[in-house]
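Noted in TrEMBL for the protein shown:
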- 62-96: compositional bias 'Basic and acidic residues' (COMPBIAS)
- 134-144: compositional bias 'Polar residues' (COMPBIAS)
- 163-174: compositional bias 'Low complexity' (COMPBIAS)
- 192-282: domain 'Bacterial Ig-like' (DOMAIN)
- 291-372: domain 'Bacterial Ig-like' (DOMAIN)
- 50-96: region 'Disordered' (REGION)
- 134-185: region 'Disordered' (REGION)
Amino acid sequence: NGALYSSIKGNNLAVKFKDKTITGSKILGSVDLKDIQLERIDSSLVDAAQVEKKGTGKQRSKKENEELKKQLDDAENAKKEADKAKEEAEKAKEAAEKALNEAFEVQNASKQMEEMLQNFLADNVAKDNLAQQNDASQQNTQAKAAQALKQNDAEKVLAQPINKNTSTGKSNSSKNEENQFDAEPVKEEIKVTLALAAESNSGSKDDSITNFTKPQFVGSTAPNATIIIKINGIAVGQAVADSLGNFTFTAPETLADGTYNLEAEAKAADGNGSTKLVITIDSVTDKPTFELSPESSVSGHKGLTPTLTPSIVGTAEENAKVDIYVDNKLVASVDVDKDGNWSYEFKNNELSEGENNIKVVAVDKAGNKNETT
């Protein structure tokens, strides 16, 4: 019975006795082994139980393998992700280093440009200081030369003998004359010119008459001088002369027809100067008129003449020019007198028998045109 107990403890057995059969793990709790009469032990169930236990173990081992494989796969994927992240981090690091290097290069370039600018400004300051020193030296030299000249003149006066009759000579030198030798040198008068620009001069070259209502002016003076422009005594703008002394100026507003007095005042280191100019704005001209002269016309018949060389008379703006066309062909040009009258006698072959279309075009000194047919 002890051997039986040891055999069935912890196992799934089927034990057959004379009176009954007991199976399963309940045998130890159901059978009193002290009085039982053991007939046999059937091991088939034990083998089956062991086989079942082994199968369960295999199933458990397979599941564990699958779980382990999954964990290995997950670990491999995690490793790949980590490698990828590491690679991206390396790229980001390289990009950051590149950007940092570029920033350093930009900073260095900026410093170099700043140094170049400072050097340039320093050079300009030095040049300005040198120019000022030269100007001061030149002015000082001029002052000394003027003073020396005056002293020389004074010495000549002092060296003259005394005139017995007038008592003039050395004794005539006065304290006021000596004080004049110490006066500051007066700045010289610089030359200034002013004229209508060629593109704004619609009339003759030298008549200062134009039909431009916002004309442009040109002039010359000392290099780098500042020029104040006045029209009828009122300052309307300024210009700065270039290194050659040339300057230009355009009227800031439209000028009505009429005469204007311009003045250009130049101020430079060497001195001052000014000039004046009178211009005339003339943007329209009178419409010309013409007709057959009394001796060339037929009474009661306007425009009818018995001759091929008639005379015509007319009016236009004074001092203008009249161009005469016959059938759109220019045949002559005549001047209008100061009273606004003009006349013309046709030459042979300029007119023909029958109707002749005559057109006259008046052109004034400003270049304005007007016509009559």
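We number each residue from 1, going along the chain as drawn.
Every residue, even glycine, has its Cβ placed from backbone N, Cα and C.
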Inset, instruction - Mind looking up the mean pLDDT for the domain 'Bacterial Ig-like' (291-372) in the predicted model? - result: 96
Inset, instruction - Tell me the residue counts in helix, strand and coil for the compositional bias 'Basic and acidic residues' (62-96), as DSSP assigns them. - result: 35 helix, 0 strand, 0 coil
